[in-house]
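Let me begin by presenting the structure, written as structure tokens, before commenting on it.
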Protein chains: 2
Amino acid sequence: MSMSEQLELVSATKSFGGWVKRYKHYSRALDCDMIFTIYLPPQAEEGRVPLMWWLSGLTCNDENFMQKAGAQKTAAELGIAIVCPDTSPRGLDLPGEHDSYDFGSGAGFYLNAKREPWSKHYRMYDYVTEELPSVVRLHFPVNGRESISGHSMGGHGALVLALRQPGRYAAVSAFAPIVNPIQVPWGQKAFENYLGDDVGLRTQYDACELVAKGSSRQPLFIDQGEADNFLEEQLKPERLEAVCEEHDHPLTLRRHPGYDHSYFFIASFIDEHLRYHAERLYAKR
Amino acid sequence: MSMSEQLELVSATKSFGGWVKRYKHYSRALDCDMIFTIYLPPQAEEGRVPLMWWLSGLTCNDENFMQKAGAQKTAAELGIAIVCPDTSPRGLDLPGEHDSYDFGSGAGFYLNAKREPWSKHYRMYDYVTEELPSVVRLHFPVNGRESISGHSMGGHGALVLALRQPGRYAAVSAFAPIVNPIQVPWGQKAFENYLGDDVGLRTQYDACELVAKGSSRQPLFIDQGEADNFLEEQLKPERLEAVCEEHDHPLTLRRHPGYDHSYFFIASFIDEHLRYHAERLYAKR
């Protein structure tokens, strides 16, 4: 095994008959050590299982979803593994890396950076689409069927990864995603610093632009809380709705009165997402 | 309203059709400001609902259970409110109060302290059995039916409060409780400092001693993980098992291979506890 394929077990905790396990490994794509969390349902002890990727939002790491979303019960029932990558490279001290919550550490935006000093390490797109999937397939009993979901910045990640890789994921869904990052403050700050001025490059990481380009027909399933503090300035689901309408792209967008941007919102609807994913992960091809 | 009956809303977050709400209030029993969390199920908008008290363990506050136990889904289904008090007085700076994780702040042990300087503030028994219940009954649509559960130090609290107040709670259960604090390091350190040398007083806060005294016939329902790091030194469920056997006290003690002391363990079995509580909270009297 090469260095990047070696895993060090950080912790293993039994959960709903399966296991929440954290592993540390050296990432070649990011050139630093990374930790990820995997939930292995009880069915993984008997055979290979499908896998849902979960991409977390700003300030999160690999742990928040497993601790707060309450997904394991239904994942155990449905026999789905879940992998939560971290949200950025770690253990570096690049200039300004830790200065703000919405850029640098905890805020990798699931892209490959082009600008110095970020471009050597901030390659989360490659990490999450290539390197980590290889590691997971090598070490765990997964069956090759994958789907993807995420929250906020991670919802952006889930949509972009699915739209850019047609046929890769059996299902994609998102909670309160940043659907049009090139037009909102979070995305503009991150893209300016990671990607620079190249408009063509920026649009490759923008779900609305990808839908407009028509590169994939992947149906999108999105839940959005109407009491979300970031709804109007950062999330703007109406933009994705309009572009999907214009380009006849299949979208299910549910708006939930009273729900905010927190994990209490995610927990309230994660079971429905897991069942949506399971139906497609287990569908006959 | 007196000062101790005024509530200040800290936050309100929608969860499974109900609301997780945090409130700040001045506690007369503890002589400091306290925050508690309540989950109000959707049924509380239509009428009065029964209430389960949740007592948390060492280092926790009022938030951990709501964020990590995943109880709201089933509480919403069953129509049960849940109140999580904090685990000690807050905002004080008594000498040594913040020096260790297992004594002082975050470690009130649900007792009324007798020794200085703790006795003026560390009166969690009165706070949780009298003052906070009055506040809750005054401000929220609860129907007077109550049950109690808790984890570790909070499991100790749940057992002791139920055994000392026969008939008060429709049900009592615990996760990995400290069942015999007067005989284990956590309890001995806390009781020595809070209560002093009075053996008679100490035994009033010890579930094994209370069962031996026969003051209540309340059935006890306990889950314990067998991979719990604190099992042998601090928890010792076999002692409660022996004393219940000897005194013919009804006990259901389930041992779960592989489960540890974490909230992943609690989340795995909380639904069964909620259903156990609901059956008794809704039973005809």
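Note that Cβ sites are derived from N, Cα and C of the backbone, with glycine treated the same way.
Per TrEMBL, the features are as follows:
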ACT_SITE  B:Ser152  active site, charge relay system
ACT_SITE  B:Asp228  active site, charge relay system
ACT_SITE  B:His261  active site, charge relay system
Expressed to the nearest Å, what is the distance separating B:Asp228 (active site, charge relay system) and B:His261 (active site, charge relay system) at their Cα atoms?
-> 5
Could you round the CA separation between B:His261 (active site, charge relay system) and B:Ser152 (active site, charge relay system) to a whole angstrom and send it over?
-> 8
Cβ neighbour count within 10 Å, max among the active-site residues B:Ser152, B:Asp228, B:His261, goes to B:Ser152
